[in-house]
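Enquirer: One structure coming up, written as structure tokens, with questions to follow.
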Amino acid sequence: MKTVKVYGPGCKRCDATEALVKQVASDLGITVEIEKVSDPKSMAMAGVMSTPAVSVDGKMVHAGGLPEAAHLKQWLSA
Amino acid sequence: MTTETHDPIHHHRAPDWLWYVGVPLVATLGWLIYGQLIPMSEWVTALFPVARDSHTGEAIAFFVYDVPKVLLLLTGIVFVTGVLRSWFSPEKTRAILAGKRQIWGYPLAALLGVLTPFCSCSSVPLFIGFVSAGIPLGVTFSFLIAGPMVGPVGLGLLYGLVGWQIATIYLVFGFSIATLSGFVMGRMGLERYLQDWVRDLNAGPTGDLPEARLTLVDRLKIGVEQVREIVGKVWIWVLIGIGIGAAIHGYVPEDMMLRIMGGEAWWSVPAAVTVGVPMYTNAAGVIPIVEALLGKGAALGTTLAFMMSVIALSLPEMIILKQVLTLRLIAIFIAVVAAGILATGYLFNFLL
């Protein structure tokens, strides 16, 4: 099972990103564990500067804005 | 072609040629409408059962002229800015600034503050990212001040509603305040007033994301996305701002305006800043008010001071920054920027 972290201070786009991850995962028929990270310290430690950012299994895949569903699909099925 | 037929999110994906035809077409249409705003607004105003030259008639005319004008301008500016900013990112900006230790860091940071896309909601991770990469605190402040202070929306609307002369003055002085405030704060050695955990932080390196290769259509899409997001968020502030502007334009007598916001009263500039800081709106909402104030004979310096303090010093942003800055540092930040704004206000009231 993949662990997906969504980094963001709780803005609208961060929620949209989380919803998109959920949807893409269910489209692919896989279960993912989604963790939302909104604490600035943890974000800084992960090297996130622009939000929302997404990591899959500890690897940063996206930063700054809503990711594209097609890309998310690739990251989740890789 | 890619196999994305089952993609529910992108069911409305348009072919590329549609973008190349559609964007110029919409731009031309907007431009044509923009040119017809005066007859259109006069026609709409005439529908109201009030005399055109009465107070109410003046206010209505101002409102129905300014609403489509500001919304058209706003849409155009946000789109163009969104496309241009797609070539920049906080990560790239950080890499550029981290290599600059000299005096040039300040104006460069101010310039990048205008060009780099970032929303105030991610100013905390951005701040930490900069400081932990060894970018001096003062340079980071120049970046953070310039972003809102000389944002394209404010400048573009000022240009469209008030004229290029005042837009240019605003650009030059806003940019100078951002650069100099950062410089002054850099000299003050304020690192000790960061929140403890920020000072002790050894942030991880930014995950080196493979840089996304964007096509022109991708960039146009980013522009449209920006329009949807920003115009969708600020339109209410625009209507409120134009409403206030219309009320000033229609009802406030000129001699009263001269007494309150004229250049004679020494206290008018600090009063404008005091009123401006707690006002929470954005550039798009405040410029119609500025337009009406100047139209009624308010002094330029006082009005500039008001506008700058509304746009550049906002309480919500301070509250966000409280996570990384101590209250003392926030107070210094406000004091330094406010001093620059006051100086600008007095200078123009004195000169004109």
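In case you wondered, yes, glycine gets a Cβ from its N, Cα and C as well.
Per TrEMBL, the feature transmembrane segment maps to B:17-34, B:70-88, B:108-135, B:169-190, B:234-253, B:265-287, B:293-315, B:327-348.
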Enquirer: Taking contact to mean 3 or more CB pairs closer than 8 A (sequence separation of 6 or more), are the transmembrane segment (B:327-348) and the transmembrane segment (B:169-190) in contact?
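Expert: Contact confirmed: at least 3 Cβ pairs fall under 8 Å.
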Enquirer: Given a Cβ distance threshold of under 8 angstroms, which distant residues of the chain, six or more beyond its ends, lie next to the transmembrane segment (B:108-135)?
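Expert: For the transmembrane segment (B:108-135), the far contacts come to 82, 84-86, 88-90, 92-94, 96-98, 100, 142-148, 150-152, 175, 178-179, 182, 194, 198, 201-203, 206, 316-317, 320-321, 323-324.
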Enquirer: When each of B:169-190, B:234-253, B:293-315 is checked against the transmembrane segment (B:70-88) for Cβ pairs under 8 Å, which one has the most?
Expert: B:234-253
Enquirer: Quickly jot the same-chain residues contacting the transmembrane segment (B:234-253) by Cβ under 8 Å, restricted to those at least six beyond its ends, or write none.
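Expert: For the transmembrane segment (B:234-253), the far contacts come to 55-60, 62-63, 66-67, 70-71, 74, 281-282, 284-289, 291-293, 295-296.
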Enquirer: Near the transmembrane segment (B:17-34), which same-chain residues lie under 8 Å Cβ to Cβ, leaving out any that are not at least 6 residues past its ends?
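Expert: Non-local partners: 40, 68-69, 72-73, 75-76, 217, 220-221.
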